[in-house]
Each structure stands twice: as structure tokens, then as C-alpha cells.
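Engineer: Okay, so TrEMBL annotates it like this:
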{"type": "SIGNAL", "residues": "1-19", "note": "signal peptide"}
{"type": "TRANSMEM", "residues": "526-550", "note": "transmembrane segment"}
{"type": "DOMAIN", "residues": "527-791", "note": "domain 'G-protein coupled receptors family 3 profile'"}
{"type": "TRANSMEM", "residues": "565-585", "note": "transmembrane segment"}
{"type": "TRANSMEM", "residues": "597-621", "note": "transmembrane segment"}
{"type": "TRANSMEM", "residues": "641-660", "note": "transmembrane segment"}
{"type": "TRANSMEM", "residues": "687-709", "note": "transmembrane segment"}
{"type": "TRANSMEM", "residues": "721-741", "note": "transmembrane segment"}
{"type": "TRANSMEM", "residues": "753-777", "note": "transmembrane segment"}
Amino acid sequence: MWISQAPALALLLIHWVFGQKPPVSETGSVICKLQGTSAQPALSKQGDFLIGGIFAFHYDFILEQNYTRHPLPLQCTGRFLSFFSLSRLYSRELRFARAMEFAIQEINNRLDILPNVTLGYQIYDSCGTLPMAVKVAFQFANGLDPGFIIDPSCQAVAKVAAVIGDSNSTPSIGIARLLGLFRVPQVSHFATCACLSDKRQYPAFFRTIPSDHYQAAALAQLVKHFGWTWIGAIRSDSDYGNNGMASFLKAAQKEGICVEYSVAFSSSNPHSKVERVAEIIRSSTSKTIVAFTNAIDIRILMEELTKKTTPLFQWIGCEAWLTDPEVLKFGELAGALGFDTFNCRLNLSAVNVPYTDTSQLRISNMVYKAMYAIAHAIHGVVCKDNENQQPQCNKNTVVQPYQVLEQLKKVNFTTNGYPVGFDSNGDPVPTYELVNWQESEDGTLHFVTVEVPVSVCSVSCHPGTRKAAQKGRPVCCYDCLPCGEGEISNETDSTDCISCPDESWPNSQRDECLPKLVEFLSLDEVLGIILAVCSIAGACMVAAVAVIFYRHRTSPIVRANNSELSFLLLFSLTLCFLCSLTFIGQPSDWSCMLRHTAFGITFVLCISCVLGKTIVVLTAFKATIPGNSIMKWFGPPQQRMTVVCFTSVQALICTLWLVLSPPFPIKNMSLYKERIILECNLGSAGAFWAVLGYIGLLAFLCFVLAFLARKLPDNFNEAKFITFSMLIFCAVWITFIPTYVSSPGKFTVAVEIFAILASSFGLMACIFVPKCFIIIFRPEQNTKKHLMGKVPSKCKIHIPRAAPINVLQ
């Protein structure tokens, strides 16, 4: 219906655009009939050149649903304002209009811009609706061509050089579509829809406020900065709200922000729709709401939310309502965050009245800059510089709108210290400031720093965990799972855990890879110290025994027990004790080769000496049989040769081992995941077991021979003690094999050292300790007669009848 009420003269313009002549009567007069009535300007002033203004002084219009009489003119109403104020006018829009008046008055008084030229204006009320805005745009589009004006009733309402307005995006889109057909420039101060940057659809549109494209991206970054990844979204069901929210949601998705709900509503919707939106907000789990609405819609929603108990939310607003003083009367919006254009204040007056309140002149300055941009464009059309570089303007110049349009594209000046200009899309350079309103106890609004609220679907996954998406829910809803063994995450909200390098292991929090603990049997730990002390103590005890034997080397008990083999056995025992020290400390190439070969050779040397002593005992008693000359075949040279031969075999095995596949140090990382075991790899397991097998073979042979000689007659039968020592030796090494195989890490080395020390102590205790006891504490038994069985022994050993001989002369 609103189309039928637009001025009929626009039809004549359309005919003119398409090259058609208007209809005429038989007398040649132009037939002109207006449909409806023209809108009357709310504010106007005559001038040489007129500037149009469109502002929403009211919020809606009354449309009579009566088809039985001539339609009444559209009437604006401010019924939505009654909840907030006694005034029926939207004071903010009236302030914009006054800013336009002020700018025109200031320009008319200046000598550097349009000197001797007076600008006038006609400002209309769009009622905040598209129909009224388009109706006014039709009136602005009327020309003043004399060929069309015959009937005075068809005179154009105004001839405007440019239009300022509207404040809202939806009316601005309708105005821009219409004025763009006739290239009448339009400069908006508050229409931020990104769609208006499309010059193919809106060739004559400019604005002094940045596009929502930048504001939406800034809001998404703001939400991400505070960690609000779980939000709700509401918007006006209009071009401004829908396009702005679409840009925000696209930017939010790139920032990893999840939206619990996104709903649209409008002040023109039934009240039940607003109630549903309010219930969605109350029942939501998100604590942050991004509202891309105009001031009217947010007021209606807040009025509905205050009717019932509603949780507190962190509101993120757009510039359309964030600085509206009427909206900020709602305490529920305290703490709202958003962006507004930066450095946009006029130095008009310090008087604190509604129309000159400098704290609310952010958008008014956009009107001010728009008016100055149009003035500079008109100046470029009607003025030229004279010889003195002074502008001279011809106010009688017929200014066509398209001329002003072309000059607007070139505008580039500075006002109040800030540049004004337009890019190829008719947009200014975007610059924002962050707004955070807080209400004090006295009701005044000011900026404060407050604690940041939390609005997430799932709490952040701290380092050491990873995010696991919850099935069927948005990506912002997830569970935090600890990283697996050997894995870390060193970032908050990590989606994956990374494996530590081979020689590293996670700390207890699993947020850092630390070098693995290197483990080996060292002298810095108790076990290593104990074993080293035992080894040195054993060697010292052997040295003490050697000293005792040497000091009593002429005594019968030393001579009767083959002193040469005894000293060689003491020497080998000393090496056995000391070789265990090579197993303590960090493994190296030399220590790995030395520890096993030294152990093998020294023990064979030791067992060879014991075996030699056993053979001597047997042959000595065989020699007492008349006619038996066995001793001359096993005298001292043969005894030495026996020891050398048995030891040489082991030396050959060890040499082949070192040449073909020597032991070497390795880092064992398979035994423990969190530790590195430094150990010696055998190189050739066969060689190692051959060394042990050879020692075992000699020990078994020695045990058998000693066992056979255990009942030979003698007050001090050494074969019995050798038997005991071999029993201990064999028991230790038989137990060693399964223990060695099953012991982990450094305990494998400790088991081997223990076996060496235990068997060494066993040999020393069984073979030498009884002799030392007699030498020191029973010297009366250290006589040749006693050893030959001439003196009764206190020991329960039968004295042999055959006369013993000295087995080693």
C-alpha cells in the first residue's frame, strides 16, 4: 500500500529515465496527479543548495486498515518509547538532526568552504521504518525540470544536492536503491550493514561509520581474547542484524568459538516471539551473549527479561545499541562490552543537556563529518580558486546530484584533527575503541576494570591433557583426557598429545619432556658403596692372610699345604675381589671389556689353583703306597703347568670374545619407559656363557676330586675344606644364573658382583681362615707331630696310621 501512496511525480521521472515523454492532454498541458500527500519536513531551512536529511524521530507508524475511504497519511508513533521516557521523540535521533543543523550553520559561517553560499536543509522523519524512508526518498528524487511543471500541484518538494541518513541499515538500503537510480549521493552516519559496500547495487551510497564487516571480526577476536568459546547469539530480524550476525558467526567459526543458539526477532514481531527468545536465553548454559540488534529491539528484549528472574550474562554489543543511553538504563546490561568508532567527539559545549551531552556525541560526530563531506563535494562543483588562491563560488550554478557524487569520491580533508575520506566502496577507514560500561552506586556510568566472567561449554584442557570431542555436540564441548605414557601437551586446549623423544620422558604433569633418568650402578648410591666396601674389604682380608702366611711361611701348616699354590691362590683371590670394582660406575668401552674378561680369567686362575691343591693332596697320599712314584710326575713344575694350561684356555676364550664380538655399552630404553639403563651388552652371549661354563666345569671337577679326598687320613685334611668351598662356589653360581637373567637394570650388575664376592669370600673362608685360626690362636697345633697324627687332636678327626708326608718340599 505504501507504494501506491508515493508521489506520482516519480512515475514521470521513470518515463524520463527510459526516454519516454509524460502523458499530455489535448491542449498540450502536462497531466499530473499526485497519489496521496507529500510528507512534510520535520525541520527545514531555505538556502542556495538544499541538503536532505532522514532520521527516525519516532519508532513506527500507524497504518489504517480501512478500505472504504481515502487512505489517511502515514502517522509516526513512538509507542515503544513509553516504557523508557515521557517523551514521544527519540532524543538520540533528534540529536543527530541537530548535529546536521549545527554543521550547516558552521559551514555557512566559514569563509574557506562555500563562501557567500548558503546551505539549507530539509529533514524528514522516517519513523524508523522502510515504507516512510522510501516515501521520503521518492520526494528527494524529484527534479525541477521546467518541462514537467505545468500544474503547481506537481511541483517538486525539494531539489537536494545530497542526502544524509538513515540511521538504520534496512531503511538505508531502501533509500540507497532508489537514490542510486538517479545518482543522488547518500551519506549515512550509522548504517553499518556490510552489504552496503557493494557498489554494483548501491552506487551512490557513502558512510562515515565503518562497515559491520570489521566490527564483526573485532567482536569475534574480543570474545576469543576473553576465552568465551561458548556463547549465545541474538540479532534483529533485519538487514542490519542478519548481515551483521552472519559476518560475526563466520569470524567466530575461524576463531574456534561455538554458538549454543542463534535467534532473530524484531520489534514488529508478536510478543510471543519475544517471550520465546527470552526463555531460550534463560535456559541456556552459555554465560555470554552477542547481540547484533538495534536499540529498539534490545530494549524490548530487556523489558521481557526483567519480568522474570534471569541469570546474569556478559553482553557483547554492537555500536547500534551499546552507547544508547536509554538501553543502558537496564542494570542487566551492566558490564556490556563492544566496539564503537574511535575519536568521535565534537567540542560543542560543556553543558550537560540531552542534545549537547558530549559523552554521547560519538555518532553525532558521524553526522557532522557527513555534512562536511557533502559541503566539500559541493564546494568542488561550484567553487574555483582565483588568482589569489581564494575560493570564488557561484551560487547560481545548477548543481546536478551526479556532480556531487563524483566529488564525494575525491573528498579528503581533516576536521577536528581527524581525516575524512572514502575508499572505493564508500567506506571510511575502520578504527574502533573498546567500550565497557559499568554503573556506580549513584547511577552514573563509567569505565572500570572488572573480573572476567567465564562462558565456555567445557573448561579449558590444561597442559598434559588433550581435547576429545563429545559425540553429537559442538566442537567447543569436549572432554579433557590425560596424555598417554610417553606423551605430553604443552599448550592449553591441545587437540593432540605429542610423543617425547626416545631419551626423554614426560614429567608428572605431562606438560614437558624431561631427559630420562640415566641409571647405572654407581658409587653415589648406597648399594654401590656397600658392594665397593665389601670388595675392598675382601681384598684387604686376602692381603692380611697373605701377610700371615708369609710371616709363618716356614711353619708346618703353611708348608704342609703347598705354600706356592697358596700364595698364587691368594693373589688370584685378590684379583677376584678387585675385579668386582670394574662393574661399578658408568659403563664404557674399556670397562665393559675389562669386567667380563677380568672376571673370567681371575676366577679360572683361582679355581685352577684350588684344583691343583686338590690334585696334590690326592697324589701325595698315593705316593705313600710302596712302589708308587706318582709324585715325580706331578711335582712343582707340573703343578705350575696345570695352572697355566687351565688359565690359558680361559684367556683364549676371552681373547676370541674381544676380537670377534666384544662387549660394549648400550642405553637400554626397553626395560623401563621412564629410565635409561646404562649397561654393557655382552656382544656375544655365547662367549659369556662359555666363560661361565668353563669356570663351572673346573669348579665341578675340583669338587669331585675334593669329595674323593675328603676321608684321607690327616689331622688337617685340606680336601674337606676345599669340598666345602666348592659347594659354596657352585651353589652361588647355580643360583646366579636365574637371578642374573631375571634381575632388571642395575640389579643385574649387582647380582653379578654379589656372586663374585660371595664365591670369593667362600673360598677364602673355607681354605685360609681355618689355617689362620691355628696359626694365630692354636699355635700348639701348628707342629709337624700334630699334623702327622702323633699328638691327639681335640678335633674329632681320626689320626691316620700311615705316616703323612710333606706334599710340597
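Indices start at 1 and increase along the chain as displayed.
Using N, Cα and C of the backbone, Cβ positions are placed for all residues, glycine too.
Bear in mind that TrEMBL entries carry predicted annotations, made automatically and left uncurated.
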Engineer: In the same chain, which residue numbers or ranges, 6 or more beyond the ends of the transmembrane segment (526-550), come under 8 angstroms Cβ to Cβ?
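Structural biologist: Counting only partners 6 or more residues beyond its ends, the transmembrane segment (526-550) has Cβ contacts under 8 Å with 558, 563, 566-567, 570-571, 573-574, 577-578, 580-581, 584, 746, 750, 753-754, 757, 760-761, 764, 768-769, 771-772, 775-776.
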Engineer: For the transmembrane segment (753-777) against the transmembrane segment (565-585), do we get 3 or more Cβ-Cβ pairs below 8 Å once near-sequence pairs (under 6 apart) are dropped?
Structural biologist: yes
Engineer: By a Cβ-Cβ criterion of under 8 Å, what residues six or more beyond either terminus of the transmembrane segment (721-741) are in contact with it?
Structural biologist: 607, 610, 613-614, 617, 692, 695-696, 699-700, 702-703, 706-707, 709-710, 748, 751-752, 755, 758-759, 762-763, 765-767, 770
Engineer: For the transmembrane segment (687-709), which recorded stretch in the set 565-585, 597-621, 641-660 gives the largest number of Cβ pairs separated by under 8 Å?
Structural biologist: 597-621
Engineer: In terms of Cβ proximity under 8 Å, which residues at least six beyond the ends of the transmembrane segment (597-621) contact it?
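Structural biologist: For the transmembrane segment (597-621), the nonlocal Cβ contacts are 561-562, 565-566, 568-569, 572-573, 575-576, 579-580, 582, 630-631, 634, 639, 642-643, 646-647, 649-651, 653-654, 657-658, 691-692, 694-695, 698-699, 701-702, 705-706, 708-709, 712-713, 718-719, 722, 725-726, 729, 752, 756, 759-760, 763, 767, 804-805, 807-808.
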